[in-house]
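Notes follow once the structure below has been shown.
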Amino acid sequence: MLKLKQQVFEANMDLPRYGLVTFTWGNVSAIDRERGLVVIKPSGVAYETMKADDMVVVDMSGKVVEGEYRPSSDTATHLELYRRYPSLGGIVHTHSTHATAWAQAGLAIPALGTTHADYFFGDIPCTRGLSEEEVQGEYELNTGKVIIETLGNAEPLHTPGIVVYQHGPFAWGKDAHDAVHNAVVMEEVAKMAWIARGINPQLNHIDSFLMNKHFMRKHGPNAYYGQK
(Lines of atoms letter the chains of each structure in order from A; the text may use other names.)
(Lines give C-alpha, C1' and ligand atoms only; values in the text may rest on other atoms or scores of the structure.)
Protein backbone atom coordinates (compact mmCIF):
# COMPACT_ATOMS: atom_id res chain seq x y z
CA MET A 1 0.00 0.00 0.00
CA LEU A 2 3.03 2.30 0.10
CA LYS A 3 2.55 3.51 -3.47
CA LEU A 4 -1.14 4.26 -2.96
CA LYS A 5 -0.47 5.98 0.37
CA GLN A 6 2.10 8.20 -1.33
CA GLN A 7 -0.35 9.02 -4.12
CA VAL A 8 -3.11 9.91 -1.67
CA PHE A 9 -0.72 11.99 0.43
CA GLU A 10 0.42 13.96 -2.63
CA ALA A 11 -3.18 14.48 -3.75
CA ASN A 12 -4.14 15.76 -0.29
CA MET A 13 -1.20 18.16 -0.34
CA ASP A 14 -2.49 19.53 -3.64
CA LEU A 15 -5.62 20.82 -1.87
CA PRO A 16 -3.89 23.72 -0.04
CA ARG A 17 -1.59 24.19 -3.02
CA TYR A 18 -4.56 24.98 -5.24
CA GLY A 19 -6.40 26.97 -2.58
CA LEU A 20 -9.21 24.47 -2.10
CA VAL A 21 -8.95 24.12 1.68
CA THR A 22 -8.52 26.18 4.84
CA PHE A 23 -6.94 24.69 7.99
CA THR A 24 -7.66 20.92 7.97
CA TRP A 25 -10.81 21.09 5.84
CA GLY A 26 -11.03 18.61 3.00
CA ASN A 27 -9.88 15.08 2.29
CA VAL A 28 -8.80 12.85 -0.57
CA SER A 29 -9.00 9.07 -0.84
CA ALA A 30 -8.15 6.36 -3.37
CA ILE A 31 -9.17 2.74 -3.65
CA ASP A 32 -7.28 -0.49 -4.33
CA ARG A 33 -10.09 -2.44 -6.00
CA GLU A 34 -8.21 -5.75 -6.05
CA ARG A 35 -7.62 -5.72 -2.31
CA GLY A 36 -10.81 -3.95 -1.34
CA LEU A 37 -8.94 -1.29 0.62
CA VAL A 38 -9.20 2.49 0.69
CA VAL A 39 -6.48 4.98 1.66
CA ILE A 40 -7.75 8.27 3.07
CA LYS A 41 -6.49 11.35 4.90
CA PRO A 42 -6.47 11.17 8.70
CA SER A 43 -9.04 13.28 10.52
CA GLY A 44 -7.98 16.73 11.70
CA VAL A 45 -4.25 16.41 10.96
CA ALA A 46 -2.65 19.65 9.75
CA TYR A 47 -1.35 19.64 6.20
CA GLU A 48 1.90 21.30 7.28
CA THR A 49 2.87 18.33 9.44
CA MET A 50 1.21 15.49 7.54
CA LYS A 51 3.32 12.68 6.05
CA ALA A 52 2.59 9.87 3.61
CA ASP A 53 2.83 7.37 6.45
CA ASP A 54 -0.01 9.19 8.24
CA MET A 55 -2.53 8.11 5.60
CA VAL A 56 -5.07 5.65 6.99
CA VAL A 57 -6.03 2.38 5.29
CA VAL A 58 -9.56 1.08 5.82
CA ASP A 59 -11.51 -1.86 4.46
CA MET A 60 -14.84 -1.45 2.70
CA SER A 61 -16.70 -1.57 5.99
CA GLY A 62 -14.62 1.32 7.36
CA LYS A 63 -12.47 -0.76 9.71
CA VAL A 64 -8.95 0.60 10.08
CA VAL A 65 -6.43 -1.99 8.91
CA GLU A 66 -3.36 0.24 8.86
CA GLY A 67 -2.49 3.59 10.43
CA GLU A 68 -2.10 5.31 13.79
CA TYR A 69 -4.82 7.92 13.29
CA ARG A 70 -8.57 7.91 12.90
CA PRO A 71 -9.61 8.22 9.26
CA SER A 72 -11.41 11.27 7.90
CA SER A 73 -14.86 11.86 9.35
CA ASP A 74 -16.15 11.67 5.76
CA THR A 75 -14.87 8.12 5.23
CA ALA A 76 -18.36 6.59 5.15
CA THR A 77 -19.34 8.94 2.31
CA HIS A 78 -16.30 7.91 0.27
CA LEU A 79 -16.94 4.21 0.88
CA GLU A 80 -20.58 4.46 -0.15
CA LEU A 81 -19.58 6.05 -3.46
CA TYR A 82 -16.87 3.45 -4.11
CA ARG A 83 -19.36 0.65 -3.46
CA ARG A 84 -21.91 2.10 -5.87
CA TYR A 85 -19.64 3.24 -8.71
CA PRO A 86 -16.90 0.80 -9.82
CA SER A 87 -15.39 3.37 -12.20
CA LEU A 88 -14.28 5.62 -9.34
CA GLY A 89 -10.64 5.40 -8.31
CA GLY A 90 -10.33 8.54 -6.22
CA ILE A 91 -12.63 10.92 -4.33
CA VAL A 92 -12.10 14.40 -2.89
CA HIS A 93 -14.21 16.58 -0.60
CA THR A 94 -13.48 20.25 0.01
CA HIS A 95 -15.19 23.41 1.16
CA SER A 96 -13.75 25.51 -1.66
CA THR A 97 -15.37 28.93 -1.62
CA HIS A 98 -17.33 29.24 -4.84
CA ALA A 99 -18.46 25.62 -5.17
CA THR A 100 -19.56 25.70 -1.53
CA ALA A 101 -21.47 28.92 -2.15
CA TRP A 102 -23.54 27.15 -4.83
CA ALA A 103 -24.12 24.28 -2.37
CA GLN A 104 -25.28 26.70 0.31
CA ALA A 105 -27.58 28.39 -2.20
CA GLY A 106 -29.03 24.99 -3.07
CA LEU A 107 -28.32 25.42 -6.77
CA ALA A 108 -26.64 23.33 -9.43
CA ILE A 109 -23.56 24.93 -10.99
CA PRO A 110 -24.83 25.80 -14.48
CA ALA A 111 -22.99 24.80 -17.63
CA LEU A 112 -22.43 28.20 -19.22
CA GLY A 113 -19.33 27.76 -21.36
CA THR A 114 -16.72 25.51 -22.88
CA THR A 115 -14.45 25.44 -19.82
CA HIS A 116 -17.27 23.71 -17.96
CA ALA A 117 -18.09 21.45 -20.93
CA ASP A 118 -14.50 20.24 -21.22
CA TYR A 119 -14.95 18.40 -17.91
CA PHE A 120 -18.63 18.20 -16.97
CA PHE A 121 -21.36 16.98 -19.31
CA GLY A 122 -24.12 19.31 -18.17
CA ASP A 123 -24.81 21.14 -14.94
CA ILE A 124 -22.98 20.05 -11.81
CA PRO A 125 -25.98 18.92 -9.75
CA CYS A 126 -26.93 19.91 -6.23
CA THR A 127 -28.42 17.25 -3.96
CA ARG A 128 -31.55 17.66 -1.91
CA GLY A 129 -31.14 18.50 1.74
CA LEU A 130 -30.82 15.70 4.25
CA SER A 131 -33.70 15.23 6.66
CA GLU A 132 -33.23 15.63 10.39
CA GLU A 133 -33.49 11.86 10.71
CA GLU A 134 -30.76 11.36 8.11
CA VAL A 135 -28.49 13.88 9.83
CA GLN A 136 -29.07 12.49 13.32
CA GLY A 137 -28.57 8.93 12.07
CA GLU A 138 -25.61 7.82 9.98
CA TYR A 139 -24.90 11.29 8.65
CA GLU A 140 -21.83 10.61 6.52
CA LEU A 141 -23.28 7.41 5.09
CA ASN A 142 -26.50 9.23 4.27
CA THR A 143 -24.51 11.97 2.56
CA GLY A 144 -23.17 9.30 0.23
CA LYS A 145 -26.66 7.95 -0.30
CA VAL A 146 -28.10 11.35 -1.24
CA ILE A 147 -25.27 11.83 -3.75
CA ILE A 148 -26.12 8.46 -5.30
CA GLU A 149 -29.82 9.34 -5.27
CA THR A 150 -29.03 12.52 -7.22
CA LEU A 151 -26.69 10.89 -9.75
CA GLY A 152 -28.88 7.84 -10.29
CA ASN A 153 -27.57 5.55 -13.01
CA ALA A 154 -25.57 8.25 -14.79
CA GLU A 155 -21.90 7.53 -15.49
CA PRO A 156 -20.19 9.49 -12.69
CA LEU A 157 -17.06 10.21 -14.74
CA HIS A 158 -19.20 12.18 -17.22
CA THR A 159 -20.08 14.60 -14.43
CA PRO A 160 -17.23 14.05 -11.98
CA GLY A 161 -18.57 16.14 -9.15
CA ILE A 162 -21.58 17.32 -7.20
CA VAL A 163 -22.47 19.87 -4.54
CA VAL A 164 -24.25 18.62 -1.44
CA TYR A 165 -26.96 21.04 -0.31
CA GLN A 166 -25.81 23.30 2.55
CA HIS A 167 -22.55 21.35 2.76
CA GLY A 168 -20.06 21.50 -0.08
CA PRO A 169 -18.53 19.86 -3.14
CA PHE A 170 -17.43 16.30 -3.73
CA ALA A 171 -15.44 15.38 -6.84
CA TRP A 172 -14.05 12.12 -8.14
CA GLY A 173 -11.95 10.63 -10.89
CA LYS A 174 -9.99 7.65 -12.15
CA ASP A 175 -7.48 8.08 -9.31
CA ALA A 176 -6.72 10.51 -6.50
CA HIS A 177 -4.89 13.03 -8.68
CA ASP A 178 -7.65 12.98 -11.29
CA ALA A 179 -10.21 13.62 -8.54
CA VAL A 180 -8.27 16.66 -7.30
CA HIS A 181 -7.93 17.92 -10.88
CA ASN A 182 -11.71 17.76 -11.24
CA ALA A 183 -12.19 19.50 -7.88
CA VAL A 184 -9.95 22.35 -9.02
CA VAL A 185 -11.92 22.70 -12.25
CA MET A 186 -15.21 22.59 -10.34
CA GLU A 187 -14.12 25.50 -8.17
CA GLU A 188 -13.03 27.47 -11.23
CA VAL A 189 -16.25 26.94 -13.19
CA ALA A 190 -18.29 27.70 -10.06
CA LYS A 191 -16.48 31.03 -9.84
CA MET A 192 -16.92 31.68 -13.57
CA ALA A 193 -20.66 30.94 -13.38
CA TRP A 194 -21.09 33.29 -10.41
CA ILE A 195 -19.27 36.09 -12.23
CA ALA A 196 -21.04 35.48 -15.54
CA ARG A 197 -24.50 35.43 -13.97
CA GLY A 198 -23.60 38.64 -12.13
CA ILE A 199 -22.73 40.30 -15.42
CA ASN A 200 -25.78 38.90 -17.20
CA PRO A 201 -28.49 37.48 -14.91
CA GLN A 202 -30.45 36.27 -17.97
CA LEU A 203 -27.53 34.25 -19.31
CA ASN A 204 -28.62 30.96 -20.82
CA HIS A 205 -26.85 27.62 -20.68
CA ILE A 206 -24.21 26.73 -23.23
CA ASP A 207 -25.67 25.51 -26.52
CA SER A 208 -26.04 21.73 -26.42
CA PHE A 209 -24.15 21.23 -29.68
CA LEU A 210 -21.18 23.20 -28.35
CA MET A 211 -21.24 21.35 -25.03
CA ASN A 212 -21.36 17.99 -26.83
CA LYS A 213 -18.42 18.94 -29.04
CA HIS A 214 -16.19 20.06 -26.20
CA PHE A 215 -16.96 17.11 -23.95
CA MET A 216 -16.74 14.45 -26.65
CA ARG A 217 -13.49 15.70 -28.17
CA LYS A 218 -11.86 15.07 -24.79
CA HIS A 219 -13.83 12.13 -23.41
CA GLY A 220 -15.80 10.52 -26.23
CA PRO A 221 -14.97 7.27 -28.10
CA ASN A 222 -13.27 9.29 -30.87
CA ALA A 223 -11.58 11.82 -28.59
CA TYR A 224 -8.76 13.73 -30.24
CA TYR A 225 -7.78 16.34 -27.63
CA GLY A 226 -4.21 16.03 -26.31
CA GLN A 227 -1.55 13.44 -27.10
CA LYS A 228 -1.88 9.67 -27.18
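Glycine is no exception: its Cβ is also placed from the backbone N, Cα and C atoms.
According to Swiss-Prot, the feature active site, proton donor/acceptor maps to ASP118, TYR225, an assignment based on sequence analysis. What Swiss-Prot records for GLY26, ASN27, SER43, GLY44, SER72, SER73 is substrate binding site, and it gives sequence analysis as the kind of evidence. Feature annotation from Swiss-Prot assigns Zn(2+) binding site to ASP74, HIS93, HIS95, HIS167; the stated evidence is sequence analysis.
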Report task. Using all protein chains in view, find how many other C-beta atoms are within 10 Å of the C-beta of GLY26 (substrate binding site). Result -> 24
Report summary line: Of the binding-site residues listed (HIS93, HIS95, HIS167), the greatest number of other CB atoms within 10 A surrounds the CB of HIS93
Query raised in the report: What is the one among the binding-site residues ASN27, SER43, SER73 whose Cβ has the most other Cβ atoms less than or equal to 10 Å away?
Result: ASN27
Requested in this report: Rank the recorded positions ASP74, ASP118 by the number of other Cβ atoms within 10 Å of each Cβ, and give the residue at the low end.
Outcome: ASP118
Report summary line: For TYR225 (active site, proton donor/acceptor) and ASP118 (active site, proton donor/acceptor), the CA-to-CA distance in whole Å is 10
Requested in this report: Filter the recorded positions HIS93, ASP118, HIS167 down to those whose C-alpha lies within 10 angstroms of the C-alpha of ASN27 (substrate binding site); answer none if the list is empty.
Outcome: HIS93
**Report entry** Spatial separation of ASP74 (Zn(2+) binding site) from GLY44 (substrate binding site) - C-alpha basis, Å
**Finding:** 11
Query raised in the report: Which one is it: of the recorded positions GLY26, SER72, SER73, ASP118, whose Cα lies the shortest distance from the Cα of HIS167 (Zn(2+) binding site)?
Result: GLY26
Query raised in the report: How many whole Å apart are the CA atoms of ASP74 (Zn(2+) binding site) and GLY26 (substrate binding site)?
Result: 9
Report task. Find the one among the binding-site residues GLY26, SER43, SER72, SER73 whose C-alpha lies closest to that of HIS93 (Zn(2+) binding site). Result -> GLY26
Report task. Compute the mean position of the Cβ atoms of ASP74, HIS93, HIS95, HIS167, which form the recorded Zn(2+) site, and then list in sequence order the other residues of that chain whose Cβ is within 8 Å of it. Result -> TRP25, GLY26, ASN27, THR77, THR94, VAL164, GLY168, PRO169, PHE170
**Report entry** For TYR225 (active site, proton donor/acceptor), the number of other Cβ atoms found within 10 Å of its own Cβ
**Finding:** 11
**Report entry** C-beta crowding around GLY44 (substrate binding site), within 10 angstroms
**Finding:** 11
Requested in this report: Measure from the Cβ of SER72 (substrate binding site) and count the other Cβ atoms within 10 Å, all protein chains considered.
Outcome: 25
